[in-house]
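Chemist: What follows is a structure written as structure tokens; I'll ask about it next.
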Ligand SMILES: *[C@@H]1O[C@H](CO)[C@@H](O)[C@H](O)[C@H]1NC(C)=O
Ligand SMILES: *[C@@H]1O[C@H](CO)[C@@H](O)[C@H](O)[C@H]1NC(C)=O
């Protein structure tokens with residue numbers, strides 16, 4: 001006979017395993033660590049959603065509060081000086097290599113991720129990456145902040161980043177930091193990759209800016225708001241760490257705190273008929289190579305959201321969704337590095353942009369990580385983290 005204690009233990013164990021365990025693909029390394037990170041993240045997410053459900057705190061405010069603990073002060077080390085300053089009244093961190101240099105240095109402008117709601121240049125992960133980049137490339141790294149949702153919505157995030165970048169590109173600022181105007185890159189991950197792609201597109205046609213950006217680096221970027229039912233959304237909607245529901249929540253928060261936009265986006269019925277011409281820019285049935293589309297049937301769009309798009313026109317704006325740019329706007333963009341991960345809802349955004357840029361004659365290096373997932377570049381506790389980081393830094397080193 002099993003005692004009551006044993007039965008209770010079995011039930012708790014089964015519930016625990018149900019919560020903890022999710023099937024993961026065979027080619028993923030260190031699955032237990034990934035599951036552990038997933039459980040941690042899921043618990044915090046559920047806690048945040050519960051607090052929001054009780055009407056106490058907006059979900060992103062709770063998430064921001066928890067993330068603040070991961071911020072570090074700007075501390076110089078033996079190789080790199082780290083300073084905080086402002087460019088056009090927006091806080092930035094500047095990483096300056098200490099070793100002497102007779103020549104002007106390369107410059108990298110970095111934009112952090114966090115779904116337009118979270119994150120800062122001060123987060124440990126970003127601080128570590130910027131420091132390493134400055135040291136290994138002997139380059140100046142500018143890591144920028146920008147205003148975040150839910151307090152601020154589009155176009156504030158975009159405009160902050162754009163203004164900081166333009167400030168940095170002034171002749172006298174470049175001279176002050178000893179930066180070579182012909183060797184400047186713009187990089188970002190996730191929402192930062194979105195902002196990087198957007199500012200690089202806008203810069204191309206800005207008569208005020210004389211400097212030509214040499215490279216853009218888009219790490220698992222979010223690039224389109226039209227179709228949340230592409231193969232990568234279908235396949236990875238529940239993948240650990242970064243789900244479709246979180247992604248769509250972040251996208252909708254970029255434009256408004258009104259949850260009706262999120263609801264419409266989740267059912268993929270948020271684009272009005274008047275905007276049907278935009279779908280060709282995100283038509284994955286023609287823009288993805290077959291290995292990504294196989295087994296998936298393309299459904300022509302369902303229209304809706306006329307009211308929503310009048311209230312929140314930002315979600316159809318090319319500065320928010322760089323994949324919506326016309327081909328003529330893609331020509332002449334800088335040499336591009338796009339990193340995508342197989343197990344990421346945003347995978348197809350990056351792959352489609354690679355296709356469209358190549359079709360427009362832009363030189364693109366597409367690094368697709370077969371066993372990767374969203375956040376791989378910053379998974380320092382995993383082998384995939386250092387592998388991805390080395391690939392990222394080597395490419396920068398050779399192309400910037
Ligand atoms: C500084 O550079 C030296 C030489 O490359 C290296 O051995 C050392 O680990 C670096 N220090 C830090 C704090 O990264
Ligand atoms: C998408 O592309 C497919 C074929 O490549 C085509 O049949 C379909 O009409 C296109 N849909 C839209 C909305 O552009």
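Yeah, the Cβs are placed from backbone N, Cα and C, and that goes for glycine too.
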Chemist: In TrEMBL, which of 87-106, 107-126, 127-146 is tagged transmembrane segment?
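Modeler: Range annotated as transmembrane segment by TrEMBL: 107-126.
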Chemist: Look up transmembrane segment in TrEMBL and report which of 26-43, 44-61 it refers to.
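Modeler: Among 26-43, 44-61, the range TrEMBL annotates as transmembrane segment is 44-61.
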Chemist: Residue counts in helix (H, G, I), strand (E, B) and coil for the domain 'Alpha/beta hydrolase fold-3' (316-376), per DSSP?
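Modeler: Summed by class, the stretch gives 22 helix, 19 strand, 20 coil.
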Chemist: Could you give the residue numbers and ranges of same-chain residues that sit at least 6 residues beyond the transmembrane segment (107-126) on either side and whose C-beta is under 8 angstroms from one of its C-beta atoms?
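Modeler: Contacts with the transmembrane segment (107-126): 60, 63-64, 67, 70-74, 91-93, 133, 137, 139-146, 148-150, 154, 157, 161, 165, 168, 174, 177, 179-180, 183-196, 199, 219, 246-247, 249-251, 253-254, 378, 380, 396, 400.
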Chemist: Below 8 angstroms Cβ to Cβ, which residues of this chain, lying six or more residues outside the transmembrane segment (44-61), approach it?
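Modeler: Counting only partners 6 or more residues beyond its ends, the transmembrane segment (44-61) has Cβ contacts under 8 Å with 115, 117-118, 148-150, 246, 249, 253, 257.
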Chemist: Can you give me the Cα-Cα distance between residue 344 (active site) and residue 374 (active site) in Å, rounded to a whole number?
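Modeler: Distance (Cα to Cα, whole Å): 5 Å.
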Chemist: Among all the protein chains here, how many other CB atoms are within 10 A of the CB of residue 344 (active site)?
Modeler: 26
Chemist: How big is the gap, in Å, between the Cα of residue 374 (active site) and that of residue 190 (active site), rounded to a whole number?
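Modeler: Each residue's Cα considered, residue 374 (active site) and residue 190 (active site) end up 8 Å apart.
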Chemist: Which residues does residue 190 (active site) neighbour through Cβ under 8 Å, counting only same-chain ones at least six apart?
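Modeler: In sequence order, 113, 114, 115, 219, 220, 221, 222, 346, 374, 375 meet the Cβ cut-off.
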